[in-house]
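These come from TrEMBL:
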- 25-44: transmembrane segment (TRANSMEM)
- 65-83: transmembrane segment (TRANSMEM)
- 95-119: transmembrane segment (TRANSMEM)
- 173-190: transmembrane segment (TRANSMEM)
- 202-220: transmembrane segment (TRANSMEM)
- 253-271: transmembrane segment (TRANSMEM)
- 292-317: transmembrane segment (TRANSMEM)
- 352-377: transmembrane segment (TRANSMEM)
- 397-416: transmembrane segment (TRANSMEM)
- 422-447: transmembrane segment (TRANSMEM)
- 454-475: transmembrane segment (TRANSMEM)
- 525-549: transmembrane segment (TRANSMEM)
Amino acid sequence: MSKGAEEKVKINLEELKSLFSVVDYTVFAFLLLISLAIGVYYGVFKRAQMRTTEEYMLGGRQMSVYPMAMSLIASFMSAITLLGTPAEIYQYGVMYTWIVLSYLLVSAASAYLYMPVFFDLKVISVYQYLAMRFHKAAQMLGALIFCVQMCIYMAIVVYAPSLALSQVTGIDVYLSVVLIFIVCIVYTTLGGMKAVLWTDSVQVIIMFLTMIAIVVKGTFDVGGVESVFRFAREGGRLDVTGSFDPNPGIRHTFWTLVVGGYFTWVTIYGVNQAQVQRYLCVPTKRQAAIGIWINCLGLTVLMLLCGYAGLVIYAHFHSCHPIQPGVVSTTDQLFPLFVMHLMGDIYGVPGLFVAGIFSGALSTVSSGINSLAAVTLQDFVIPFRTKPISPSVQANISKLLAVFFGILAFGLVFVAEQLGDVLQAALSIFGMVGGPLLGIFTLGMFIPWANWKGALAGTFSALCFIFWIGIGFQVEKKAGKIHIPKLDFRTDGCEAFNQTLTTTPPSASTQADEGGTLGLYYLSYMYYSMVSCLTSIIVGVVVSAITGFNDPKEMNPQLIVPLGDRLFPYLSEKWRRKLNFHVGENYGEGQKIEMAAH
């Protein structure tokens, strides 16, 4: 778009696709070669260092903070953030950026409450904790839920960048999907966790370089930062009216994004196998905590960059909304369209953009494959073996499992393409599936009276309840009874088509109740994790009370978070013991936890 606001905007998709040059393909191919090279290096030249499961899955617990922290940043933001957040800001305004405040709460809880428990137990799979604290049935249930969650999530984050690549180059979406999975399976299987961490480190740099280059050029093109915010203000994108409304049916408010965001993200950074597995790669808890806080800073910067990119996209298309017949069909294609429309004629920039999006997908899939292999081996294979499996055989089984889960996630891509909005789809899945998992871990670590019967009942109840809400929402939405209005868009500045001004109600984030059906269906998706977590805990406590509480004094103190010591270290020992619920005071000398991994 020209800097002149009155000039008509012309969007020719075929012309834009033709701009993706040999130089761009070279830039993109270079990224894939780097990832493969790292995997080959560790799989061939450092093969002697990966002869045990711990070396293959955790890097021998001797990795440095830097690659661990970079991998944390890459693993769960990635393509979902790079594509979804700018589209969110473009449609609904800056309200979503409140979520960065939840990162602070999540990082504190992860670093000082959840992570130390897993670290001290020296587990490989987080679900081994559930066997120690409750019962092997809880371990199996938690591991199964995680496997389903991660396979679906991997499919979403692969489909999203493949769609972007299709939009800017015309390459078939499924060819892109195959390419991502082949590269991921090869370098993850060959190189193990070390290859995953160092590849993620490279990919994070590419993601940041991509975003910075695009927003700088985009800002300059529309006339500077002042112009970006002027267009955003005129279009209502800076309006946060109603952001403190406590109504849980409003899609995004301060409360849904900070409170709901906390529960959504702590399911990932507190108890999710893919992230906890990274904490366990470093030698000390202090290093793990430092990595978590570096991750917090990185996520905040990346989120704000993506949010600003959404404003730049709006400024660029402020008079010509491109989601029209013959242009793009979904908002997830907005960012790729913007890049090609703005910088398609600059050699290498479209290639850098595609490399950045693919970096996000590669990092997420590689971490997912690695964690799924670890969970399956530790929670399903080893517990059912009557004879011990040698470390070298375990490492080989892990590699076969990595290939299996890569192929399985590829098949689920065909489901992911039906989910629509990639950002909301991804967060909804973590809320609906991650919430019950957060509930069972929180029940175990913070409520010493809870027993295994309560844990299982709580998890099942939470799953049923939240899926009832989530599926009900989708049914009502398809029936036209739920409407999520967007902010105003203009098309009067388009050269290729000229349609009437799109107008919507000012409450851009409200899920309007038009059908008079059950109010729970209108619950903001950001609250899914909180509702399911609390359901799991409440039912778990009630069932434990009915079937007989555990005695905290008889419990192994390693399994419970000592709240008195962690939150109130300056209180007297008497008060700290009370706040610790007297956990482990009668725990016998020399008693050991029966660990499934050993």
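Our numbering is plain: 1 for the first residue shown, then up by one each step along the chain.
Cβ coordinates come from backbone N, Cα and C, glycine included.
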Can you work out which residues elsewhere in the same chain, 6+ from the ends of the transmembrane segment (454-475), have a Cβ less than 8 Å from its Cβ atoms? 130, 134-135, 137-138, 141-142, 145, 428, 431-433, 435-437, 439-440, 443-444, 482, 518, 520-523, 525, 528, 531-533, 535-545, 547
Tertiary contacts of the transmembrane segment (95-119), defined by C-beta under 8 angstroms and 6+ residue spacing from its ends, are 85, 88-89, 126, 129, 240, 243, 252-254, 257-259, 261-262, 264-266, 269-271, 275-276, 279-280, 285, 288-289, 292-293, 295-296, 299-300, 303-304, 307, 441, 445, 508-509, 558-559, 561, 566
For the transmembrane segment (253-271), out of 65-83, 292-317, 352-377, 397-416, 525-549, most C-beta pairs under 8 A are with 525-549
If you count Cβ pairs under 8 Å, which stretch among 173-190, 202-220, 525-549 touches the transmembrane segment (65-83) the most? 202-220
Positions on the same chain near the transmembrane segment (352-377), where near means CB under 8 A and six or more residues out: 24, 27-28, 30-32, 35, 53, 57, 71, 74-83, 124-125, 127, 143, 146-147, 150-151, 153-154, 157-158, 160-162, 164-165, 168-169, 180-181, 183-185, 187-189, 192-193, 196, 199-200, 202-204, 206-207, 209-211, 213-214, 273-274, 277-278, 336, 339, 394, 397-399, 401-402, 405-406, 409
Honestly, do the transmembrane segment (202-220) and the transmembrane segment (25-44) touch, with at least three Cβ pairs under 8 Å and pairs 6 or more apart in sequence? yes
Intrachain neighbours beyond the transmembrane segment (397-416), with Cβ under 8 angstroms and 6 or more residues off its ends: 53, 56-57, 147, 151-152, 154-156, 158-159, 162, 174, 177-178, 181, 184-185, 188-189, 192, 365, 368-370, 372-374, 376-377, 381, 389, 425
Residue numbers, six or more beyond the limits of the transmembrane segment (25-44), whose CB comes under 8 Å of its CB atoms: 50, 179, 183, 186-192, 194-195, 198-199, 202-203, 206, 348, 351-352, 354-355, 358-359, 362
What residues elsewhere in the chain lie close to the transmembrane segment (292-317), defined as a C-beta under 8 angstroms and at least 6 residues from its ends? 1, 9, 65, 69-70, 72-73, 77, 81-82, 85-90, 94, 96-97, 99-100, 103-104, 106-107, 110-111, 115, 204, 207-208, 211-212, 214-215, 218-219, 221-222, 227-229, 231-232, 235, 237, 269, 279, 334-335, 338, 341-342
